[in-house]
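> Got these off Swiss-Prot a minute ago, pasting:
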BINDING   GLY137, GLN138, GLY139, SER140, ALA141, ASP142  ATP binding site
Amino acid sequence: MIVIEKVDKTPVVKRLVEIVERKGQGHPDYIADGISEWVSRYLSRYYLEHFGIILHHNVDKTLVVGGQAAPRFGGGEVLQPIYILVSGRATYEVRTKDGVIKVPLGTLVMQAARDWIKQHFRFLDPDTHVVIDYKIGQGSADLVGIYDLGVKSVPLANDTSVGVGYAPLTPLEQLVYKTERLLNSRDFKAKYPEVGEDVKVMGVRVGKEVKLTVAAAMISKLVKDKSHYLSVKEDVKKAVEDLASKVAPEYNIEVVVNAADKPEHGIFYLTVTGTSAEHGDDGMTGRGNRANGLITPMRSMSLEAAAGKNPVSHVGKIYNVVAQRIADKVYNQVKDIIEVYVEIVSQIGKPINEPKILNVEIIKSGELTGEVRNEVEAIAREEIEKITQITDYILRGEVSLY
């Protein structure tokens, strides 16, 4: 059932207060999300390559337990490694007409986790700074039976869940997202290699006044002394201020970098590896960014952890992606839309292209005419009809999940 309604509420951009957060690439929660998702992708590709279908799995319960480190200007060492536990459930043996085939679960999990760390960090060594472990409930599958049921049919929802999307992003939401992406960009790291990957951004707006708090871990061995640290910190601040002047010129923006620093007491945000996980900061899948890459308490949000869930039938993942696609298309293609929210609810056991309800909330100028309703409904139906394509987008890394 598709419901389209005009709602009478103040758009976020016009509210007095707005709060937006993003946990960046090296944050412990982001690490958990990233590893969960890569394990799912490695499993999915293995299943596809060897059995022609993606078999059941959900690995959306990764835990990152902080280690201990002793950073110092010009050096430092990791004293106790970060402990990463990947948990969930996956198919580990498959019965075929030729016999039982075992899936190398452990090898795939370890390889996925190591590869993710290597690709997203420059100074975190997955072999010496991290202990990777896994506790995955093991299931089996009857491939002959699966084919008899028809693997090409529309998957059935394996949960009763909700996915949420909205559009457009406010200037503050864009600024928070782009700030983290800037500081973790290849160009910025080439210019300022001292800046680590653990970047967290919190934006608070009251009227036209914005305070942007940026926590950026610094790489201790690349920072020779206090003055060097403060110089890089000032360069980070200026870079963010320059970005802010382009993304949100209508606001008065104050940028604060590493607010917990107390130089007079020798307290600086230094890390050996580039992540706060090296010294007691823990993380877990689903505790960080929502599927659009932001934490937005002023918006409707799903609390589902999209990362690590199977990309075929788990609506906690798929519906968040589809809801965002519908919201973006409605905002971009339908005239006079100010804001749009989309909520999609599944019913366990039903085909994923038959949601229990697909609700579209519209804030717009003027009336919600029959023509507008038809346009919105056509967009929603098209995306739901194409829902099985989402799996490929996810496996190719073409959609935001965290």
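Any Cβ shown, glycine's included, is placed from N, Cα and C.
Remember, it's a predicted structure, so these values are computed and weren't measured experimentally.
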> Looking only at DSSP and grouping its letters into three states, which state does GLN138 (ATP binding site) belong to?
strand
> Name, in the order they occur in the sequence, the residues of the same chain whose CB lies under 8 A from the CB of GLY139 (ATP binding site) and which sit 6 or more residues away.
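Long-range Cβ contacts: HIS56, ARG89, ALA90, THR91, TYR92.
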> Would you count the other C-beta atoms found within 10 angstroms of the C-beta of GLY137 (ATP binding site) for me?
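That number is 11.
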> Long-range neighbours only, meaning 6 or more apart in sequence with Cβ under 8 Å: which ones does SER140 (ATP binding site) have?
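Looking at Cβ-Cβ distances below 8 Å from SER140 (ATP binding site), excluding near sequence neighbours, one finds THR91, TYR92, GLU93, VAL94, ARG95.
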> Which number gives the other C-beta atoms within 10 angstroms of the C-beta of ALA141 (ATP binding site), all protein chains shown included?
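A count of 20.
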